[in-house]
Amino acid sequence: EGCKPCECDKSGSRLEQCNLYDGQCDCVDGRGGRDCSQCPEMSWGDPFLGCKSCTCNPDGARSLYCNKVTGQCECPRGVTGLNCDRCDRGTYGALPQCIPCGECFDNWDKLIAQLRDEAAAQLRIGTEIKLSGPPGAFAKEFEELEQVLMDMKSHVNSANVSSDQLENIDQELDNLSSKLKDLKPNLASHGSRTGEASVKISELYSRVLNLQSEFNKSSAKTKELRENALEIQEQDVSGAYASIQESLVKSSALQAKLTDAENSKNISVYFRTSVEHFLQNSNFSDANSENGNENSLDKVVEFMKAVDENVSSINTELCGGTGSPCHEDCGGAMCGKCGGELCGDGAVTKAVEAKNTSRKAEELIKSKYRSTSSTLSELENSNKQCKQATAEAKNNAHEA
């Protein structure tokens, strides 16, 4: 690149000659910079009027050096202020931990920026209309336009954001409304330039209506999301309640069946006791009573058959299998098991199924309750963070 002149400041350098490699001039006390025309390191301002020390916050600034002209310290993202001594708009917390407010604030911030841009655009168009002169045929449209602007201002004021954030928009809307009112006395005297004014008025009217439509869509969408969330929660809980009711009906029916089975069991015990008593009191060793014993034995056999049939019926009712011989899956009396997954007709199996169904329904209710509580807690925390971010943004705006 070749050689470059030193250009050392005569009032701030000791010599006109600079360093041959980096071009740094030899500065006198109280001067700094490459050519000695600025304040020294760690200070800023006009050296002829007096330099000021940099006061960068060590917790918030990237370094202790500041801009030599403005004194602005170099702040990381999320930190602001001349000295980088406070959290920026859209964040909360304490230095150096400035935490972003999150999606809630970001969405509102984008909406506010859009509104600010739209208001500025309407202001420019209104000024152009005033210069070009709108025709008298559009007096009615101007009245409707003023009404739309008033409605827009009402929407903005009712939004859940700080007044400082919307102050510029309100002011611009007021200015635009005032300018439109100033145009009214001149409507009759400006009948020319109809084509140009028609296009501009139509464009202005359309943009303001679109702006109002965006507010309405945003409000409707929020309401729809809240209603949908509530409806889903109610449907889930009602479904779980219906499941419990169904399980209760099944349990009641099975309880009655088990009661009948228990009665049958008591009867079989009575039969067994009677047989044992009968055998103990019978004498089969007497040869003279051979015919009588034979008749008695026949009665015992018939009696035992009846008992066996009764026991098989009880096994089927309780376990789902006859039990004689022992059923491979369902078991039975004296078989070591009773009921199972493949024994759907048994009272024991049905009772277990009903109990499991009730337990699952209970767990479902608890799960939905925990989910609902968690969702409500998140919504409350999000709303709290939005309000906190709005308050901090308002305070930051006042401090700035």
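Each residue, glycine too, has its Cβ placed from N, Cα and C.
Since this is a predicted model, take the numbers as computed values, not measurements.
In Swiss-Prot, the cysteine linked to CYS18 by a disulfide bond, out of CYS6, CYS27, is CYS6. Disulfide pairing as given by Swiss-Prot: among CYS39, CYS73, CYS56 connects to CYS73. Which of CYS75, CYS98 pairs with CYS87 is settled by Swiss-Prot: its disulfide partner is CYS98. Neighbour counts of Cβ atoms within 10 Å were compared across the disulfide-bonded residues CYS27, CYS36; the minimum falls on CYS27. Long-range Cβ proximity for CYS66 (disulfide bond), meaning a same-chain Cβ under 8 A and a gap of 6 or more residues, is found for MET42, TRP44, CYS54, THR55, CYS56, GLN72, CYS73, GLU74. When averaged over the coiled coil (353-400), pLDDT in the model lands at 70.
CYS18 (disulfide bond) is 10 Å away from CYS27 (disulfide bond) when you measure Cα to Cα. Across the structure, CYS84 (disulfide bond) and CYS51 (disulfide bond) place their CA atoms 20 angstrom apart. Around CYS6 (disulfide bond), the C-beta neighbours below 8 angstroms that are at least 6 residues distant in the chain are GLU16, GLN17, CYS18, GLY23, CYS25, ASP35.
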